[in-house]
Structures are given as C-alpha cells and as structure tokens.
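The structure appears below as structure tokens.
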Amino acid sequence: FIAATQPSTNWHLKENTRDHHTSKFSSKELIVRRGQAFVVTFSGIEQPEQNLTFIAETGPKPSKQAKTQATFGISSTVSKENWSAVLQSTSSNSASIAISSPANAVIGRYKLSVQSTSSGSSSPATLGTFVLLFNPWSSGDDVFMSNKAECEEYVLEEFGIIFSGNTHHINSFGWNFGQFQGDILNICLSMLDRSLNYRQDPATDVSHRNDPKYLGRVLSAMVNGNDDQGVVLGNWSGNYEGGKSPSSWTGSGEILQNWKKSGFKPVRYGQCWVFAAVLTTVLRCLGIPTRTITNFSSAHDADGNLRVDEFYDASGNHLERGADSVWNFHVWNESWFSRSDLGPSYSGWQILDATPQEESGGIYQCGPASRNAIKEGDVELDYDCPFVFAEVNADRMYWNYDPATGKKTLIFSKTTTIGQFISTKAVGRDDRVDVTSDYKYEEGSRKERDIFKKARKKLGLEDKFDPTAPTPKEIEQKPDISGKFKVAGPLEVGKDLNLILVLANLQSDVKSVHVNMTAWSTVYTRRPVREIWKDSISVTLSPGEEKHFPVKISYAEYQQQLTTDNTIQITALCHVEGGIQVLVQRDITLDNPAIDIQVLGEAKVNKEVDVEVVFTNPINAEVMDCVLQVEGNDLLRGILEIDVPPLKAGEKSSTKFKLTPVETGSKHLLVNFSCDKFSDIKAFKTVNVID
C-alpha cells in the first residue's frame with residue numbers, strides 16, 4: 001500500500017495558516033480552525049486515491065461515538081456534518097487533499113493517518129499531528145462573530161487595556177496577553193488535561209471540548225489555583241512575601257511559562273485582573289472571542305440575598321465582619337458564543353470569572369452567565385447568574401456594630417451605588433467603552449427596580465422573612481445632617497493628602513455632632529490593612545448651616561502603610577445628638593508619578609532602535625532598589641529587567657535599551673518601574689514598525 005518509507009507530508013503551513021487566521025502562531029505544527037478546509041499533500045503512495053481512508057483522532061481513547069475519532073474516504077464534496085476529504089490534485093505518487101472538519105468538531109491536538117481500503121490488513125500510516133481550534137470566522141461555529149473587526153480584537157489582538165481605580169477616578173494599564181507566543185498554545189492544551197474533569201474521566205472530558213460553554217467553565221476553574229493546582233494563587237492580604245506582588249505582572253506569558261516550569265504549581269500571586277487577563281489569553285488562544293470587563297463598586301454577595309452588609313464601629317473603623325464586601329473594582333471576562341441550552345435570546349456575550357470568590361458546583365468556578373439573562377433578571381438560568389447579578393445590582397447596607405453587645409444599627413442603605421462605569425477596551429483603539437447599559441436598565445428607573453424585584457422573587461427572597469434585614473422603619477429614617485469628603489489637592493503618591501469634610505445641617509434647629517474619623521490603607525477590595533490616621537472633632541451646626549473641616553494626611557504618615565494598590569479609605573462616623581448616625585466615606589486611589597517612554601528613531605524590522613525611559617523622583621528623599629521591567633511582543637524576546645541606580649530627591653533618571661522588531665505593524669511596549677517608595681509604575685507605548 002505504501003512505499004517502504006513513511007509517506008512524507010507537506011502541511012502547506014504558510015497558505016493554511018493564512019486562510020485560517022493562525023499565522024501569528026510561531027509553530028512548526030499545523031494549527032487550523034474547525035469547519036474550514038485545509039490542504040495536505042503527501043507522497044509515497046502506490047494506491048489509487050479512491051482506495052484511501054483517512055483517520056483523524058484526538059484524546060486518550062478516540063472513538064467515533066464520542067466524536068473524538070473520524071474515519072473518512074475521498075469524496076467529491078465537502079460535508080457540513082462530518083469530516084471529509086476532497087482530492088485537489090495528484091501526480092505519480094503524491095496527492096493533495098483538502099480536509100474539512102465539521103463546525104462543531106472537538107478542538108485540540110489530532111493525529112492524522114491514512115490507510116488503504118483495498119488491502120484490509122495493512123495498518124494505518126501516520127501523516128502527523130495538527131491542532132484544531134474554534135473558528136469565529138465560520139458561520140456554523142458556536143463562537144461565530146459576524147463583525148470582522150471584533151474577531152481581530154477579541155481573538156487576534158495580543159495587547160489589552162485593563163481598567164482599575166474607583167468610581168471617582170478610573171485608571172488603566174496595558175497588558176500583554178501574548179496568546180500566540182512561544183509555547184502558550186501547548187500550555188493551554190495541557191491546562192485542559194490537568195482539569196478535575198479530565199482527571200476524573202479523560203475520554204468524556206475530551207468529547208465535550210467541542211462546546212465553548214463547557215471549556216469556558218472548566219478554564220474559569222483552572223486559571224485559579226484553588227481545587228485543582230491551577231495557574232494562579234490569589235492573595236488579597238497586602239503581604240506578598242514568597243511570590244510576586246499581583247500588581248507587578250505586565251503580561252500573561254510569564255505567568256503561564258512559570259506555571260509550566262514549576263511542574264504546574266500555582267504561580268504566586270494574583271488578584272482579579274490577573275485571573276481575568278490569563279483567562280483572556282487562554283480563550284483567545286483557543287479561538288473563543290474574549291475580553292476583560294471592569295465593574296466599579298462591585299459587590300461580593302457571599303450569602304446570596306442580593307444585599308451587601310458593611311459594619312463600622314463607633315470610631316468609624318471598617319470592621320471585617322461577615323463575608324460580604326464591595327470592591328473598588330473587579331475584573332472578569334466576557335466570551336462570545338451561542339447558548340443552545342438556553343435559546344437564542346441568551347446567546348452573545350457570556351460572563352466568566354476565574355477569580356476564586358464563591359464555590360459553584362463544589363469548586364471555585366463561575367459562569368458562563370448570559371449577559372442578557374443578567375440584564376433581564378433571569379437569575380435561575382445556568383450558570384451562576386445570582387452571583388453575577390448581585391455584583392452589578394446588590395443593595396448596600398451600612399451598619400454600626402457594637403462588638404461588646406453584638407448589637408447592630410442600620411446607618412443607611414443605598415440601592416444605586418453598586419455596579420457603575422462597567423468598562424472594556426474599544427475595538428481597534430486604546431479607549432474605554434462603557435457597557436453598563438448592557439448589564440442593567442438605567443439606575444433608579446422603574447424598569448431597573450422591576451428587574452431587581454423579579455430577581456428577588458426568582459431567588460425566593462420576596463416571600464421568606466429575613467431576620468438580618470433592616471426593618472422598613474429603619475430604612476425610612478431620614479438623617480438630620482449630610483456629609484461628604486471633597487478632594488482639595490492632588491491625589492498622588494509622595495504628596496500630602498488634602499481633603500475637606502463638608503457637613504450640612506438639613507434641619508431647622510441647631511445640631512450638635514461628634515465626629516470620629518479614621519483613615520486606613522486598603523487593598524482594592526476595600527479590605528482594611530493598616531491604620532494611617534485618626535482624629536475626632538465636635539461640631540455645632542446652626543439651622544441649614546454648612547461647615548468645612550480641612551483634613552490633611554501627610555505623606556510621612558501614610559508612606560509606610562500604603563499597599564501596592566495605593567488605596568486609602570477615609571471614614572467619618574457622625575454621632576448626631578438625638579438623631580441617627582451619619583457615615584461619610586471616601587475611597588481614594590493615589591496616582592503613581594508618571595514615567596515617560598521615547599523611541600529614539602524609526603522602528604524598522606530587524607534593525608536595532610534605542611528606547612529611553614525617563615523617571616523623575618518627585619519626593620524629597622532618596623529612592624532605592626529601582627528596577628525597570630520591559631516586555632513587548634515582536635519588539636524584544638522575553639522580559640528585560642534593568643537595575644536602575646538610586647535617585648536623590650528630585651533627580652531624573654534616564655534608562656536606555658535597544659529593541660529589534662521582528663514584524664511590521666502597530667506593536668506595544670510595556671514598562672513597569674518599581675522602587676522602595678513606589679510600586680509598579682506602569683506605562684505603555686505604541687511602536688509603529690515599518691519595513
């Protein structure tokens with residue numbers, strides 16, 4: 001059947017990868033997308049082509065029943081439902097064949113073999129292996145995306161922008177997803193083979209790998225290190241000894257490579273944006289359109305009552321009591337695919353969240369939750385809709401708690417502050433796009449309240465008495481005074497923090513108020529870490545009077561206490577004589593000083609070009625232990641680490657290094673500068689590389 005040698009195979013890498021949008025992978029192995037033909041030429045064959053049977057198989061126990069093995073002969077047309085082979089051309093002992101897989105084929109690494117049908121006894125000859133991925137360019141695929149610019153952004157773009165900060169002050173930083181670099185595809189495939197599902201039943205797990213909702217859910221569990229020795233270990237303590245601080249990473253590649261190098265031990269440490277960015281890399285790599293989403297004032301409703309409770313003592317300290325919390329921001333993912341299990345109105349963007357917050361089905365995984373289901377309050381639908389619905393819709397209750405007596409008193413409740421400025425990067429541009437209206441109807445509108453009631457009803461919260469809930473009387477209490485913190489100066493690390501506490505008497509009689517103020521450094525989840533400052537004042541307010549009280553927290557006071565998140569929570573608990581308490585609070589995110597990147601000259605393919613990074617020390621003390629970290633796909637290999645000499649007060653440092661771009665187009669250079677006084681100052685620069 002076959003000549004004495006193995007048949008030699010030409011996989012036509014250049015043409016096939018161009019047609020399949022896989023040419024960015026730097027692999028010697030063919031990588032193609034399902035539901036689309038690819039051409040293979042093989043020689044060393046003595047049989048007429050009509051007598052050939054091909055076998056494509058994947059996973060540890062390939063079988064036709066599980067759709068992990070396909071046997072197919074030469075046919076005259078492509079089959080939509082099954083694998084097929086169509087003869088393109090032949091010569092004396094070679095044949096070119098166009099092989100097509102169905103649009104719902106299992107993805108992963110396949111072995112392709114050929115066998116003669118006429119001499120039944122011969123064993124198949126292996127032609128080699130190829131990798132099959134999801135195909136958002138193919139209308140039959142569950143991940144089909146009709147807008148080509150969106151396919152480019154959500155599958156092929158290796159650079160992203162992640163939004164952070166808080167509702168008053170939105171920040172952003174660049175991220176290198178790097179889904180096409182080096183060994184990332186193999187690491188993503190091995191991630192699937194390390195999941196709990198695969199370990200329990202490999203053959204069944206592989207047979208489900210045609211389904212993006214299955215893979216999305218499995219990978220949301222695998223990206224965190226809980227349960228399954230997954231990729232990243234979370235840490236929200238503010239102390240990151242024994243690992244890298246979550247804010248120090250600039251891309252997913254280093255994390256995934258470290259996971260593999262360590263023998264698949266979870267990489268230390270991550271927080272929400274790290275989990276979301278790594279999941280984006282893995283899903284884009286496999287061909288599922290994916291993006292990161294940031295939700296500001298994001299609720300973590302641990303007990304599923306669509307309410308988050310926060311507790312404060314009489315001094316105004318934010319107590320770590322109860323599992324509920326409201327994060328300054330939280331980052332999750334949206335992936336694009338159809339929901340055959342729920343029906344067409346729930347297809348489109350699906351929420352996945354790899355941050356380990358609550359267990360689902362016994363392990364830390366979350367989603368896919370249909371974004372349309374969240375907007376319409378259809379919280380009974382798979383998967384994890386109640387948790388996601390609460391993240392953007394929960395009501396917020398502030399309580400005064402007396403640890404001595406265990407008594408709690410409602411200070412006030414808010415229904416409009418959770419889930420604001422929901423943000424993602426624009427398609428093809430480095431801008432922020434607000435998608436809040438895709439998650440909920442306008443805050444405060446009747447429709448939005450109706451949906452909230454609908455969700456409560458579906459969760460059975462309307463009917464049962466909740467002893468922990470505030471009484472209607474408590475909720476209706478009106479405060480006698482109002483208060484707010486106004487910013488009165490720059491919010492920058494290294495500068496004193498100047499605020500004004502504004503108190504106003506809303507009544508027509510005189511009010512005496514005793515105010516207890518505290519400031520704590522926090523992590524971005526608003527978890528208090530270290531006390532920075534406290535003070536108390538007594539105030540008399542005439543009817544309708546407004547008074548301003550300046551608050552100054554010096555850099556010297558907060559410098560040692562600050563976490564890498566640069567976040568401070570300042571609270572004033574106002575005890576009003578004869579009235580209810582009033583809580584005034586502000587979460588502050590301090591900006592790092594700026595860092596400047598200049599490309600000195602034109603960036604050309606395979607030509608060295610100099611880059612200069614300039615940092616000026618803004619404080620009047622020396623900064624030491626300065627390190628500059630640089631990465632950028634197609635601009636430099638791996639990650640460059642440069643030690644920068646100490647800088648005296650006000651001194652300017654200039655660090656130069658060389659790039660050698662390997663490809664034309666718009667590329668991104670990411671830098672991260674750290675020293676003993678400033679952590680993780682990030683910046684990125686777009687570099688246009690020409691021929």
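For all residues, glycine too, the Cβ spot is worked out from N, Cα and C.
Per TrEMBL, these features apply:
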- 264-356: domain 'Transglutaminase-like' (DOMAIN)
- Cys272: active site (ACT_SITE)
- His330: active site (ACT_SITE)
- Asp353: active site (ACT_SITE)
- Asn393, Asp395, Glu443, Glu448: Ca(2+) binding site (BINDING)
Ask   = Which value does the mean pLDDT take for the domain 'Transglutaminase-like' (264-356) in this predicted structure?
value = 97
Request  = Excluding Asn393, Asp395, Glu443, Glu448, please set out which residues of the same chain place their CB within 8 Å of the center of the CB atoms of the Ca(2+) site, keeping sequence order.
outcome  = Val392, Ala394, Thr415, Thr416, Ile418, Gly419, Lys440, Gly444, Arg449, Phe452
Ask   = What is the interatomic distance between the Cα atoms of His330 (active site) and Glu448 (Ca(2+) binding site), given in whole Å?
value = 22
Message = Measuring Cα to Cα, how far is Asn393 (Ca(2+) binding site) from Asp353 (active site) in Å?
response = 17
Inquiry  = I need the CA-to-CA distance for Cys272 (active site) versus Glu448 (Ca(2+) binding site), whole Å please.
reply    = 27
Request  = Would you kindly give the Cα-Cα distance separating Asp353 (active site) and Glu443 (Ca(2+) binding site), rounded to the nearest Å?
outcome  = 24
Remark   = Same-chain residues at least 6 apart in sequence with Cβ under 8 Å of the Cβ of Asp395 (Ca(2+) binding site), in sequence order, are Leu306, Arg307, Val308, Ser413, Lys414, Thr415, Ile418
Remark   = For the domain 'Transglutaminase-like' (264-356), the DSSP residue counts stand at 18 helix, 41 strand, 34 coil
